[in-house]
Amino acid sequence: MPRLSEVIAALENLWPAERAESWDAVGTVVGDPGQEVSRVLFAVDPVQEIVEEAVKLGADLLVTHHPLYLRGTTTVAATTFKGRVVHTLIKNDIALLVAHTNADTADPGVSDALAGALDLRVVGPLVPDPSDGEGRRGLGRVCELDHPVTVRELAARAAARLPATAQGIRVAGDPEALVRTVAVSGGSGDSLFEQVRAAGVDAFLTADLRHHPASEFMAAGAPRPLALLDAAHWATEWPWCELAATQLDEISDRRGWDLRVHVSRTVTDPWTAHVASDATSSSTGAPN
Ligand SMILES: [Zn+2]
């Protein structure tokens, strides 16, 4: 049975901490390097619900995409929700490892997993990492479709293939426009609009798009109209958990570790319901 230090070293080889953004907080949050690891759980969010799932599962290591603490803290008292997470982890001998922006830019990374879930063929990164001579690492991915589909069909595919959330998929642009190339970025992607336009793709699929950036992006139009597809943040990053679990499974097989690797299916998207506006009143333009 491997020690935590060995498992973490293998995972940090996939997502080296020094490739994380300077503002990020990745790596080991909780854990004794000498403890043995037999069961690992992957999830997007290090929230209490997920930690309790790890306890029930008998996991020794929880790997999440989002950091527990992004900024410093002066307390891990169990009266705070993050402190309670820390207490539950330590009391149950569960380590916590975070792979965030270092997993975003990895090859393969978060956006490769998103593209894979939608059967999109990755051409390359949307924002290449200049330190990667091979040009494979970086933020977001530019992808091609084997057969062109309409924006509506692509949104339907995303709704069907990504895990179900209350939000579903929001679309900006002509739903009948044809899509041959698409940029994807797991998580909040509205800082990438300029690169999306420069990539000359037909559509951009990401999450957390806000009114002003989206509205200005659509109004700018040129050189040609583009469609925006906005999914739930959690849903765009969840496919990475499956990819990462497969990567750890392969490492475990190669090294004879016999790890049990699991992916949490608990929906930790904060939005729990969605009510569509009444189609009749909106088509007549009547205020409601
Ligand atoms: Zn995220």
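Every residue, even glycine, has its Cβ placed from backbone N, Cα and C.
No curator has checked TrEMBL annotations; they are predicted automatically.
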May I ask you to find which of D104, D107, D278 TrEMBL records for the divalent metal cation site already listed with H65, H66, H233, E237?
-> D104
Proximal but sequence-remote residues of the same chain as D104 (divalent metal cation binding site) (Cβ under 8 Å, at least 6 apart) | V110, S111, L139, G186, G187
Quick one: which residues besides H65, H66, D104, H233, E237 have a Cβ within 8 Å of the divalent metal cation site's Cβ centroid, in sequence order?
-> V44, H100, A103, V110, G186, G187, W234, T236, W240
